[in-house]
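Asks: Structure incoming, see below.
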Amino acid sequence: MTVISVDLSNRPYDIHVRAGLLADIGSVLAPYARDSRLLVITDENVAQAVLPKFEAALRSAGLSSAQFILPAGETGKSWAQLEQLTDWLLEQHVERSDHIIALGGGVVGDITGFAAHIIKRGCAFVQIPTTLLAQVDSSVGGKTAINSAAGKNLVGAFHQPSLVLIDPELLSTLPTRQLAAGFAEVVKYGLIDDAPFFDFCADNLDSFFAGSPDIRAQAIIRSVQSKARIVAADETERTGTRALLNLGHTFGHALEADTGFSDRLFHGEAVAAGMALAFRYSVRMGFCPAEDAERVTELLKQAGLPTSLSEAGVSAEGAALVDYMRHDKKMSAGTLPFLLARGIGQTFLSNDVALDDVAAFLDSEV
Ligand SMILES: NC(=O)c1ccc[n+]([C@@H]2O[C@H](COP(=O)([O-])OP(=O)(O)OC[C@H]3O[C@@H](n4cnc5c(N)ncnc54)[C@H](O)[C@@H]3O)[C@@H](O)[C@H]2O)c1
Ligand SMILES: O=C(O)C(=O)C[C@@H](O)[C@H](O)[C@H](O)COP(=O)(O)O
Ligand SMILES: [Zn+2]
């Protein structure tokens, strides 16, 4: 087993990564149960694909669970679902000292973490991520949120999990399109500050998608190590370091909004198109060699991901997309800091981007 620590001074926690971990999860979770019982939040697909094995593992350790099952997909991250979820937790007489279990993808993890943050003014939670995206990104770092009418993740809180348990074997039931969406956030770590990891992703793409346990484990561990390092350096995105994890997201969240936060464009797919756009915009600004932007687009395309507005199914005008960006949480005193790149592995935050120019760039892309 690989254990990665998130070294936060006042609330450090561990991430366990091991193929086959699910079978032993009962004994790992036993210390987090009250009266041998756990409160588990999941979604309808995970309830089919993973929950039976999860419950069997709990039973073998003498534990039982009560479950709240969200609808699958981004609609699960809504005010309506948050209300139902918090009502259910109260019906279950959740206590502040309880650890709520998030068993699922980023949607389950984000809303469970937010519910845990607000219920009885805060209780603990454990992340058991079941998608690639959640294993490499959303389960680590404590960003929790729901979406609102104005945009993505606009209502939320920083609330760190107590423990993250990653079993790469859970990806065996994940549809290929979801695997590719998660792969975009894996590639992101290479693009931020780890060019050799970008090369690893390119060199091992076929093995990764073919299901090589070794390559998948390496990709997950390296991603989680990057995320843990960045989060520990800037837990609440105050210094600019954590903002690096937002590469591709200012464009991506606008694309998700334009496609209605729906299965027309998954989050990871929007991030892929957003990263390709961020690299091309960096070329336009004179920061990045065109060749690097082309390599980024090529790798994402090979993974089956969208790399342009049209491939993302977006036909909106640049000005309309920029209007979504005005809700970006990085916006400060009328300026939107933008993640740009000087090349692969050389992402930086720029305060010199004019939104009118971004709109013109987007119009030139169509
Ligand atoms: N908090 C963060 O730091 C952070 C980071 C990245 C993304 N996010 C958020 O995460 C969300 C996207 O997460 P996601 O891509 O995991 O989407 P998701 O949670 O919607 O899961 C994708 C799909 O896979 C299904 N699924 C999950 N596990 C499965 C399994 N093992 N086998 C079969 N099907 C399975 C789900 O039911 C769903 O239909 C977005 O809302 C995004 O904003 C948050
Ligand atoms: O953990 C972070 O910080 C990230 O930015 C990770 C992103 O992949 C993730 O999608 C995050 O939810 C986006 O953050 P937001 O603050 O733009 O909502
Ligand atoms: Zn993301």
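Residue numbering: from 1, along the chain as shown.
Every residue gets a Cβ built from N, Cα and C, even glycine.
Small disclaimer: the values here were computed from a predicted structure and weren't measured.
So TrEMBL lists the following for this protein:
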type	residues	note
BINDING	Gly106, Val107, Val108, Gly109, Asp110, Thr130, Thr131, Lys143, Lys152	NAD(+) binding site
BINDING	Glu185, His249, His267	Zn(2+) binding site
DOMAIN	68-180	domain '3-dehydroquinate synthase N-terminal'
DOMAIN	182-331	domain '3-dehydroquinate synthase C-terminal'
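Give me the lay of the land around each of these features.
Replies: In the three-state DSSP scheme, Asp110 (NAD(+) binding site) falls into the helix class.
Proximity of Glu185 (Zn(2+) binding site) to non-local residues of its own chain (separation of 6 or more, Cβ distance below 8 Å) is seen for Leu132, Leu133, Val136, Asp137, Ser223, Gly268, Val271, given in sequence order.
Across the residues of the domain '3-dehydroquinate synthase N-terminal' (68-180), the predicted structure has a mean pLDDT of 97.
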Asks: Near Gly106 (NAD(+) binding site), which residues of its chain come within a Cβ-Cβ distance under 8 Å, counting only those 6 or more away in sequence?
Replies: Pro129, Thr131, Leu133, Ala134, Asp137, Ser138, Ser139, His267
Asks: Can you figure out which of Val108, Asp110, Lys152 (the binding-site residues) comes closest in space to His249 (Zn(2+) binding site), comparing Cα atoms?
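Replies: When the Cα distances are compared, Lys152 comes out closest.
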Asks: How would DSSP class His249 (Zn(2+) binding site) in three states?
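Replies: It is helical.
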Asks: So which of the binding-site residues is most packed in, judged by how many other Cβ atoms lie within 10 Å of its Cβ, out of Thr131, His249?
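Replies: Max Cβ neighbours within 10 Å, all protein chains included: Thr131.
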